[in-house]
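Pulled from TrEMBL, these are the features on record:
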DOMAIN    B:9-126  domain 'Response regulatory'
MOD_RES   B:ASP61  4-aspartylphosphate
DOMAIN    B:145-210  domain 'HTH luxR-type'
Amino acid sequence: MMSQLFLLIPTGRWLLLGLLLGLTAASGWAQPCPLQLDSLSSGTYPSDCLLTFADSTGQLTPRQLDLSQFKPVGTTQPNFGTDGLTHWLTFTCQNAAKQAHQFVLEVDIVYADEMSFYVLDGQRISYQIEHDSWHVPLWKRSIPSRYFAFPLNLTPGQTVRVLLRAQEEGGTLITPIHIWERSAYELYYSTETNILILPAIILLFLTVVGLGVFIVSRNLIWLFYAVHAFGTAVYNLNIEGVLAHYLPDPFNTIKGYALGVSLSYMANLLFTQQYVYKRLPKPIGWLRWATYGLIGVQATWFLYLLVMPFQDHTADVALLITGITAAFMLMYLLTCLAKGSDEARIYLLAIAPFLLIVLVRVLDSAGILETQDWHYYLRYYAPLFEIIVLGIGATRQLIHEREATLIQLGNTQKEVILTQETERRRIAQDLHDDVGTSLLALRGKLPPASEEAYELINQIIANVRTVSHNLMPDELTMLGLGGALAETAERLGAASGIRFLFVSAGEVIPLPQVKELAIYRAVLELMHNVVRHSGATEAVVQLVYHPDGLNIMVEDNGHGFGNHKADSASGIGLKNVASRTEWLGGRMAIDTSVRGTTIRLDVPYT
Amino acid sequence: MTSAASSVRILLADDHTLFSDGLALQLAQADPAMTVVGQVFRGADVLPAVQAHTPHVVLLDINLPAPTGIECLRQLSDTYPAVKTIMLTMYAYKRFVDECRGAGAAAYLLKHVQISTMIDTIRRVLIGERIFPTSPTVDLHAADSFVVRFKLTPTELKVIRLMRQGLNTQQIGDQLFVSFETVKSHRKNIYRKLTITHLSDLIAFAHEHGL
């Protein structure tokens, strides 16, 4: 994000930054013209020879030029502003080497409307490329480069005049000129491309991931994250000419550098609101409104860029808005950090490489440190690093939130069940003891001869008992888990003819009543399954209290589930058992064969 | 002692007043020979009331507040063995039935039975019968000494035998048609029941008991 303050600068030139920091890019020393070209591996050369001339007619040919009208510019990065005129540049150079050399004249810019290149050997035009622009496909260029690059092949000792014609109507015309040995240029160009492509691909990948997570989680933070990554990727690809050269009309002409920055800033501010602001222990009103204000400014600017053509002030305003937003972000984060925000700490870590770039630039301008190549390449990797770290931070937050929600959900569920069971027990108790007994009393008061009334009241008494028992098995409260199961085993055994053995071993550890109820209901279900579906003659139900948990086993010697377990009633019953066991935080396992079925439940005490 | 024809003195002990009143009324209506000589509502009042009213029969609720009906029953059996105590309750648990039988109750009745049944029961206990809804627990597994003495189930005994034969967990699982984990569970339960921690202890146990 902040790093885009730098990234607004035309690629690798640091020009606007130079202006911003009050630096001058020019550093020349007197050297006689023509330029002595020898071993040029770094692309730099002294500026003294470069002359320019503005052609207000726009019609002049190289032969019609009057060299006396050319003026020295004193820099290798002439900035002609937005006058829309045709500008000529010229210098003379000599191959100082003893053998023929291939050089490359590179104008490191993507967006000029067009350029033409002429090499004059004496009065003869020995080489020319006319109307070169990004409309010319890369494979049709003499040097397949996204930047303007022209071959300059010189024989030993040959002296030539180079003429360059440049035109830009919709923006600022800057012509940063470098001269390379051809092999050095090719190495530079491929290195530049590789170093650019990797972060751009990763950013696009993160965009897709962010969108995916957004679709799955419905959490807006991921949409903002994706747009942030996308905006940065668009910016990177645009400033290096990838969009212009590879995208179809009209996408190749978008002002991706400015739109991308603005878009990623908007998304980033929104992201920050979600990521940092939402987690602040106490909201900071002004910060919130200032953020929305800035988002409004960025949005307006974005629409303006989209609709309006490039104007004189566009770059300045872009720089101003970017600078303000970046400074605001830093202040925002520091404010939140002061409030103890963990997210702000992670965020600051994320922009650490960017801050490093700033530091290097400051040290460089103060003459303490010299800018290295990796400082320069860091401009792609700083935002990438930022976006990756923020992605990790947001993922971490998402996971934490999920966990918290689950824990809370679990607690709420437990509370609900607890309340429900307590209430049920109370109602059951009231029904059984009060209503039931009162009904018995009422029956006592009936006149002796009312047979029908007796029958009816007996029916009511029986119903009340059933309802009360369903609500809360009174044997559990009266006898405890083991006692109630023993009772049930006895009863079911007598009723079904199955030899039920109930065993309780180990030192009994009483569980909270809701848990005992859940276990009781689960085991009851299993026992009923044995009776209804197993065809067994013998069954064992046992509780073994271990120090680390309760083991429950229900074994029978029946015919097993066979292959119709999923859709049978016992299947539904087992699902109930499984969900109860899960609620208890326990595990359930089923072994079934033609020799019988063993169901194990392992339930923790806490 | 009284004869069947003459008046039967009855003491009601139930904390539910309404029920107690209703029962008193019903008994008197159904059989004029039934005389409710007193009604108490707390466990603590039972013994003094028996002393005061000399009933033939006490209809005693299990669910009495302190002391409970079963505790009252024990006191009655000790102090007034001639007084017939009929437990009257909402709960049909076998455990309670067995406990009351053991504590010397004459009968165990559920509160929702018909009044005629109740009168019939009163008459029968007076001539010395003991009436309970279920027969005494005949432990179907009583013959199995391992269940009684060690709480070991038949499957666990099989596991011990197979372990003694030197089979590993997986082999035991295959023999018993259960999973590896289930065998482990059985083994853990066996160790817990026998309070042992080592295989050598288990082998010693198996050897000692001829498994």
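Heads up, the Cβ atoms here are built off N, Cα and C, so glycines get one too.
Counting residue by residue with DSSP, the domain 'Response regulatory' (B:9-126) contains 57 helix, 27 strand, 34 coil.
Here the domain 'HTH luxR-type' (B:145-210) has a mean pLDDT of 90 out of 100.
For B:ASP61 (4-aspartylphosphate), other Cβ atoms within 10 Å of its Cβ number 25.
Assigned with DSSP, the residues of the domain 'HTH luxR-type' (B:145-210) fall into helix, strand and coil as follows: 50 helix, 0 strand, 16 coil.
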